[in-house]
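Asker: This is the structure I have questions about; it appears just below.
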Amino acid sequence: MDKIKAKIDELKQKLDQWNYEYYVLDDPSVPDHVYDQTMRELIELENNYPQFKTNNSPSVKVGGFVSEKFNKVKHKRPMLSLSNAFNDDDLKKFDQDNQNASVDLKGYVVEPKIDGLSISIIYKNAKLHQAITRGDGINGEDVTSNILTIKDIPHYIDQKYKDYEIEVRGEVYMAFHDFYEMNDNLEESDKKFANPRNAAAGTLRSLDNSIVAERKLSAFMYYLVNAQELGIKTHYESIQFLRDNKFKVSDLIVKVDTINEVINQIDCYTKVRDKLSYMIDGIVIKINNLEVYDEIGYTSKFPKWAIAYKFPANVVSSQLLEIINDVGRTGKISYVAKIKPILLDGSMVEYATLHNFDFIKEKDIRINDEIKIYKAGDVIPYVDGVDLSKRLANSVPYEPIINCPSCQSVLVRENDEVDQRCLNIYGCKKINIEKIVYFVSRNCMNIEGMSDAIINKFYDANLIKNIADLYYLQKHKEFILTSDFKIKEKSFSNLINSINNSKKCSLEFLLTAFGIRHVGPNLAKKIAKQFKTMTALMHANFDELTNVDACGEKAALSLINWFNDEHNVSLVNQLQQVGVNMEYIDDFIYDDNINIIDEYKNKTFVITGSFSISRDEIKTILEKYYHAKVKNSVSKKTDYVLVGTEAGTKLEKAKLLGVKIIENEFWKKDNNF
């Protein structure tokens, strides 16, 4: 019995730790299928040995925690989890239990299980009053100011409900394209999110709502808590209520009559799953008749009238051929598994992340091992472990590299970090090249035509050895055009124009482009806005820097150390000499010049194609001066589509729907810029 109790305690400890990682850190260390398998093992043991089952067991309490960063709010009605079904038999048992209750179910409603962060939103006087995360199910975090930045969530509902307190629940998520864009924008030294679910949860818990707005969260709503107070009798009718009040509701929600139809829907969801722009990890099945919910009842953790069917994890095995090491622009060493190519979730996988050496050591991963691969949140290929039964007899443990794969400098670990680093930040070829690649990238100085391949060729030809050399390429024109770079005169001219245009960038883009550790695009803009000039920033002290919103001690020290380095001071001086702007340029530079066109006011716009200024700047103009709404997709409700060069399918859809089209040249002429 002692062994049984010890095993139960071990499983509880694991699940509590994993819950903390998932709900608080937004950074789970194990995939869903491992968590689910461990939970099932715990439940089975507790059922067989009920004397060891406690009220604080993860099998009993709702998973989740309440962060101390936000005000704690008690839910008026507990926000419970859902029990899981993993196969048809589980669903049939769920149905049989409901049928045994001898009530009219009025069928089932089948919904996609969105992989995000659960939220409850309260409306008073028909206005959004408060938004609360699920937390531990009893208490949640007040994230109202962050929720107000999400465009999918209406700030007001129909005035006829002003005498009611309306509570709706749903899931905040991040679409795939927004997830990729956000991760691209993160500083390399920042920890990138593994999947959209972690990104959505981490973003919604940010203390800076400007970051929340910038990262473009979305939300599907799926439950009207007090539907019966409004005279609504079925869950499917409540879904229509949400649609009528401008909440975003999934188009995949269907009503069926029997559990066999539910099972058929699983196949439908499986077929469309890979085509969706957002993550789903299963489907949710709810009894349609709201009037029987209380009769069917609840456990301390789950409602009995609903269940979640979890998609099985697709784990495949392949041979580890090689572990590849690389160095990034900050000197960070990465470990990547090269595997025998294998099909996983519709795409051929040849590489998977290994994070760092500690991960390899913990999993005891060796060359030629048969390793298990899965996609974390259906996005990034990850290594799940090793099939030890297939390990070769002569295999040996993998040893960490000692020297930089580029310059052979001895690697170090700073301040007990898990990552190894190359400290030869001025002499390492790969670091220097990666710095230049980052500097010219779209989210930094946006120098078009300077591809990674061209940068490598120019570096090897001694044309560019550092960032400042980019601004002297014009004098090498004849050599470049007559050498084996395969660059024609027009392409070179466009490249030089793009380099010259980059000199006009506002200070925050230059600051971002320097790639200073812990200083990403968001913080760079706040710092630039605060200090206005490079000179003022270079002379800022620790206290002045940490007074900038979101600038912590690490970022402040990193900035001070960077500007105290003579190499960097020399770089700033060189850039200043060639005319690179060193001042903050306010977003709103059009006040004195812009013409306000009355017919554009309070309209709905969609932007497509390329322009001489960024889409964000155009969006700012439309919202600031015209009080317009800017949407991502064209519909019958769109008033205007603003068209630049290389416009895509949005233009074609606008033509089909008869939406008014504004060409870029007319737009520039109308607005006097």
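Any Cβ shown, glycine's included, is placed from N, Cα and C.
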Asker: Per Swiss-Prot, which one of Cys428, Cys444 shares the Zn(2+) site with Cys404, Cys407, Cys422?
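Answerer: The record-listed residue among the candidates is Cys428.
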Asker: Could you check what DSSP calls Lys113 (active site, N6-AMP-lysine intermediate) once collapsed to helix, strand or coil?
Answerer: strand
Asker: Provide the three-state secondary structure of Cys422 (Zn(2+) binding site) computed with DSSP.
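Answerer: Looking at the DSSP assignment, Cys422 (Zn(2+) binding site) belongs to neither helix nor strand, so coil.
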Asker: Under DSSP, is Asp36 (NAD(+) binding site) part of a helix or a strand, or is it coil?
Answerer: helix
Asker: Rounded to the nearest Å, what's the C-alpha distance separating Cys407 (Zn(2+) binding site) and Lys113 (active site, N6-AMP-lysine intermediate)? Just drop the number here, would you?
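Answerer: Distance (Cα to Cα, whole Å): 48 Å.
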Asker: So among Asp36, Leu82, Lys113, Lys286, all listed as recorded positions, which is physically nearest to Cys422 (Zn(2+) binding site)? Use the C-alpha atoms.
Answerer: Asp36
Asker: Around the Zn(2+) site formed by Cys404, Cys407, Cys422, Cys428, list the extra residues of the same chain whose Cβ is within 8 Å of the site's Cβ centroid.
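Answerer: Nearby residues not in the site list: Val327, Gly331, Asn403, Pro405, Ser406, Gln408, Ser409, Asn424, Gly427, Lys429, Lys430, Ile431.
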Asker: Which residues does Lys286 (NAD(+) binding site) neighbour through Cβ under 8 Å, counting only same-chain ones at least six apart?
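Answerer: Listed in sequence order, they are Tyr108, Val109, Glu111, His235, Trp305, Ala306.
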